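As recorded in TrEMBL, the features of this protein are as follows:
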TRANSMEM  6-22  transmembrane segment
TRANSMEM  29-47  transmembrane segment
TRANSMEM  63-82  transmembrane segment
TRANSMEM  103-125  transmembrane segment
TRANSMEM  168-194  transmembrane segment
TRANSMEM  206-223  transmembrane segment
TRANSMEM  369-392  transmembrane segment
TRANSMEM  398-414  transmembrane segment
TRANSMEM  421-442  transmembrane segment
Amino acid sequence: MPQFAWMAFICAALLAFAFFTFAKRDFDFLTIAYVGAMFYFAPLFWGRVQQSSPELTSTIQPAVYWIATAYVLGLVLAGAALRSFNDSDDIEATSRPALRSSVCYLILAVIGLLGSLISTNGAIITADKVQALNQVGYFYVLFEVAASLSCVAAAVERRWQVVAGSAVLLSIDLLVGFRVFVILTWIGVVLVRLMSFGRIRLYSKMATYGVAAVALVACMLLVHSVRFAIFDEIAAIKGTPPSERITKASEMRGDIVQFGQAAAQPGEKSDESIKSTMQKWLSIPLGLFEQSEPFVIQATLVGTVQTNLSCSASNIFKSIYLLAPPGLVRYLPSASFPPTFYDEYKPILYPNLTYGTGGNIWAEMLCRFGYGGVAVFCVLLILTLVGLHRLLLSCPPAAIAPVVFGGVVIAFYIHRNDLHYTLVMLRQTAIVFVLACGLSVVGTRIQRSLRGEAGVRA
């Protein structure tokens, strides 16, 4: 049975690869969802996860394979149906929206970054990621979301200077220790660019976008090591003793392997040191992949299946309150906001863990509604992706960036979150969009006023 489930998943993955790569169709959210599924379900190819509790198995059960197989096949069926009814020739691409929102987003991103640096006295930029997480506030969220939307909107408007400026801001986010917005933004930009080609066979873009995707994955796997190297070099310049720098490294989440293990050891000869260091650095990507996010995220689903974990179904409906605008929160019923799925499963699955293990939307649906609920959610998720694609094709130019970014969150990033946090990200995106629209209106009125005064003087 386990071998049959594994083979079924492999066949489904290969079928989906052939369909999304060789079929002539629009690049859409379903394609991104397939890429996200292959990334976050990658441990299923190996059959094991990175389990954080010795009491839980690291072997992936057949039930997990069937969930992944059903989702992947559902994407293929939806893609085939959408390809039959979709007519991309009737779609007119707009390269420069009337509302130049990319500049507005960029201004908001700069305001958010400066506000975060001032409010935290620069403490947001630190080698210890746990400390950095404690410093994240409204300003920093504004910075991350606005920088991402600025980059996507600038790609739509083909304002490459703004794209470059937004990319520089997102590199600061990498330095702080967060990768997600860089990845989601890159996927959003790729979606915008590939959609402009209409119906394509995706393999024809492999030489460019495919190579870029591989490079992005490699960079994101190594980014924590590079980040640690930067902070370690800064500490060395400041004269911090090596022993103290090692202590700080051991306290860092996500950075604990890698650079410290690859660094040359005292007493090694120069030739031996260089050879040893190179070998260690070359071994880092494989070690990082085996301990990467998908292997930790799917451990939650494996643990949920093993323990037959059950959670409150009503809490997920309370998550809808997260979509309420901030000003209306006071009118909601008391104790409206439920505990997150992480708050519910961690005391049971990982009671002794002192660090976070992320969410898992499939584990949440299984925990709350059983396998029937997982099937219903799978259908609803795919229908949502299809609906978002149709919305993207018909929405006003100014709304393209938030629809793209929100769609990427649902298509790609939802696998490592619960519904609670997914809705939080969508709400943050909507709020920044509204702020950008307001800033654009104010800026336009100021420009008209200045032009009017200039005309009167002339």
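Here, residue 1 is simply the first one shown, and the rest follow in order.
Glycine residues also receive a Cβ, built from the backbone N, Cα and C atoms like all the rest.
Here the listed stretches are 6-22, 103-125, 369-392, 421-442, and the one with the most C-beta pairs under 8 angstroms to the transmembrane segment (63-82) is 6-22. Within its own chain, the transmembrane segment (398-414) has Cβ neighbours under 8 Å at 29-30, 32-33, 35-36, 39, 97-99, 101-102, 105, 145, 148-150, 152-153, 156, 180, 183-185, 187-188, 191-192, 361, 381, 384-385, 388-389, 391-392, 422, 425-426, 429-430, 432-433, 437, 440, counting only residues six or more beyond its boundaries. Below 8 angstroms of C-beta separation, residues 30-31, 34, 37-38, 41, 44-45, 47, 65-66, 68-69, 72-73, 75-76, 79-80, 201-203 of the same chain, each at least six residues beyond the ends of the transmembrane segment (6-22), sit close to that stretch. Panel annotation: around the transmembrane segment (168-194), residues 27-29, 32, 35, 106, 109-110, 113, 124-125, 129, 132-133, 143-145, 147-148, 150-152, 155-156, 200, 205, 209, 212-213, 216, 220, 223-224, 227, 230, 254, 400-401, 404-405, 407-409, 412-413 of the same chain, lying at least six beyond its termini, place a Cβ under 8 Å from a Cβ of the stretch.
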